[in-house]
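Since the structure comes first, as structure tokens, the remarks are kept for the end.
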Amino acid sequence: MKSLWDCHRSLLRGFYHYGYFLASHPAWFLTIPIGLCLLSAVGFMNYNPETDIETLYAPTDSRAVKDRDTVVKTFPDLFATNYHPFSANKLMAQGIAIFRSKAKRAILTPEVLHELETFRNNVLSLTVQVDGQNRTFEDVCVRSQTFGGTDCVVDGDFLFDRFFNESMSRGEVNYPFWFSVGGGIDLNLFISDVVMSDNEEYLKAAGAVKMAFPLRQDTKEVEKMSLAWELEFADLMKNANFSTVDYAYAISQSLSLELDRGTKGDIFYFSLTFTLMITYASVVSAGGDCVSTRALLANAGVVAAAVGIMGAFGLVTLTGVRFVNMVGIMPFLTLGIGVDDMFLLMGTWSEITAIKDISIEERIGLVFKKAGVGITITSLTDFLAFVVGSLSVFKSVKNFCIYTGVGVLLCYVCNATFFAACLTYHGRRVYSGRHTITCKKVGKSRAELSREGHCCCHVCLFGGAVPSGPNDDQSLCEKAPKYFLTNFILYKPVRFVILLLFAGYLGVSFWGCTKLKQGLDLKNLVLESSYFHKYQVWDTENFGVKVPIAFVTTSEKDYTNISTIMNVYELLTKSKDDPYIDKTVDNCWLTSFYKTSYYNSTDDDAFFDGLKTFLALRPSFQNDLVFGADNRSIIASRCHAYSIKVVDSNDQANLMTRMRDLADASPADVFAYHPAFVYFEQYLSILSGTLQTVGVTLAVMFVVTCIFIPQPMIVVIVMVQVVMIVTGIFGFMAHWGLTLSSVTMIHLIMSVGFSVDFCAHVCTAYIVSEKQSREDRAKDAIVHASGPIFNGGLSSIIGVVVLLFTESYIFQSFFKIMVLVIGFGVLHAVFLIPVVLSFIGPATYVDLEEDSATPHFASKTSGGSKQKNGDASLTKISSINAATLTNERPLSDHDLQLGYLPREKSR
């Protein structure tokens, strides 16, 4: 432990020397960071946003992705002539429309159906130009052998079939399964908000219908045409006008196309945030007079953060890391972090104004000696949290953490260089007694001008003097927290009330954790004004998700063996025991074939001849079989179970898991698959991924805390508080209507770093305090840490408050969690930690000024040794301090703030 504190003291001396060197050459530190960040802006030429939804929000290299690759590689796409929705190898390209009748449940009336049929015909006649050629729906549509393989398939087209309409007029349409000339149809997929007959068997009326225009994707050329046709369909729907129905629509590209609309207001909102931050920083730093005020200096701190943000965007983009829409949050977050560091540096500058007769270089050295560790631990913990987050399996989380981690790092660099150089120039102006605006010498102080009878305005504008202590240049915003809190928090009854309140907070948090849901609703990725958001809401309300789950085998089997058939039959039977599997439907070529007279297992020739005849009668099953080269073996096949309507994302994920477990345990040697499983995977990965990432982040924060605050009890207190804060964020997410998803996962990672920042500031102030009792040392911690914590927290809130007024779910959820993070962090740091320390804080204090081999307050040089400027300055300051403190007076607050304390010892 002793060696760790010695290393800490060496680090402080290193910060001092850095500050001294910087103040000796401020011009270089002012211009070089700006130049480098501007140079990195060339990276914007490499700007290439990622908008593919699967890439961003589905776990990379998941089981579903691997299964899809196997299915696509094994089963040929026959939808050009033999479409069946159960047999899709991947999610379909298509245009979809949902219609709701304006009159109550009148969607199946002749008037409405006539208007919808006209719409259908208009869609079929759409023409799009691709590579200089006109393409129509006929060129890209899927076809079904049920109708001879010549007519394009339109899902829901049966609504205009004469047989269906005649059956409706007679009240003979069974619901939900209706059998037409072309086979059975699940009306749940196309008709909703229904009125049933008295015996609940026949359909009488409905309020909504759904139509889809599925498109081919069997070749790259056809897929290109299909995507172009989709866009033409979207334009048609955008300008459509119906007299009898309202409508919502979507295409397979909708989410990708609409994703960036939610962040296009970034520049406006960031400009507004930048203005608010400059205003706030100026107000907080507006104490003092026309000489000592730091209002203009605060603006330089905001600019430093903005320059770091710009540099991060350019640098990361230059390296080829693609921009994702969630990175739009990064400037708001990073600006707040950068301004926090600025407040810490400016607060330290105010504290050392009590020291007289030292140069500006020595003052800047002292600023970094006192605040360097603070801004380093703040930025380092946040940076490391994002480093851990960059290991996420979600591409959106990974890229966001890379951008934000680099942003935090560059903001730290800009504060330690650009802003520190501005602080140097500020110091030169102040200690030469010059006006903050005109830079002319100020002859008289405010008191002198007031005694001469000048008006208040003249006194405020032209009166000033070199500050002699912290109160001379600090504003009410900086003074108020420490004066109020020290007289309130540590009053004994209040301490017990605080403990009880936080116990209640923990209870409410644990309760919230039990209610926290998982999953990301796709509609939340786009603006509420988006047509895709409307479609998702309507689709969920009226139709939901019904999934045909394929049990796929890719190994050759002997289907003449009855045990092979029984394995498949038992698998399908067991699947129907699941509450979310429809017990009346299955779709399996093998069990269907086995029930016919065409099945003959006497030899291979008889079997395959019978199968050929069967497939000619049931052509849709051709999609589910892959024959060997000799057509006398089956090298892959699949059968399907069919789910009921599943709306909740957790239910979708659990259904996928149960079907996988069932398939894995079956002797049929199959795996369960549906194209949507790629997206269902996120619901399985998000909880384990979040807990793992937060756990690793906590472990990293533990190591960092041990390095910078090597006091066991303090480390334990800090980590317990961090866990309490993170638990509160998890719990109150549920109370605020947020779910655990790849979006909120980012915020939880971030919260760990922020929590350490708040707690570490208070604990560090406690451990270096020289006061004689735990209560007094806790009060000392409040005095030194409360102001920067409150102002830093408030600046972070200001940095994101404008996001509350956006339509974007991503931005709004970020604002909500930032409020939780900052709110709980500040409350724990300023209220709970001082109370805990007042009861069980360590009974030792640490001298960060002297090392164990040097007598207290002695010069750090020996007789005739030659010293560098930095070492000479330290000696000079120590001598000043010794001369001041040896006059039999107790250490002042200013002395304590500078770290002139006895060596570590027990009380």
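Here the Cβ of each residue, glycine as well, is placed from N, Cα and C on the backbone.
Note that this is a predicted model, so its numbers are computed, not measured.
Taken from TrEMBL, the feature transmembrane segment applies to 20-45, 267-284, 296-316, 328-350, 371-394, 400-425, 494-512, 683-709, 716-738, 744-768, 789-811, 817-840. Summarising the annotation, TrEMBL assigns domain 'SSD' to 266-425.
Highest Cβ pair count under 8 Å relative to the transmembrane segment (267-284), across stretches 296-316, 400-425, 494-512, 683-709, 789-811: 789-811. Counting Cβ pairs closer than 8 Å and at least 6 residues apart in sequence, the transmembrane segment (494-512) and the transmembrane segment (744-768) reach fewer than three and form no contact. If you look at the transmembrane segment (716-738), the same-chain residues 6 or more away from its ends with a CB under 8 A from one of its CBs are 502, 505-506, 508-513, 515-517, 694, 698, 701-702, 705, 709, 744, 747-748, 751-752, 755-756, 759-760, 763, 813, 816-817, 820-821, 824-825, 828-829, 832-833, 836-837, 840-841.
For the transmembrane segment (744-768), the neighbouring stretch richest in Cβ pairs under 8 Å, chosen from 20-45, 683-709, 789-811, 817-840, is 817-840. Residues 304, 307-308, 310-311, 313-319, 360-365, 368, 410, 413-414, 417-418, 420-422, 424-425, 427, 869-870, 873 of the same chain lie 6+ residues outside the transmembrane segment (20-45) yet bring a C-beta within less than 8 angstroms of a C-beta in it.
Taking the domain 'SSD' (266-425) as a whole, pLDDT averages 86 in the prediction.
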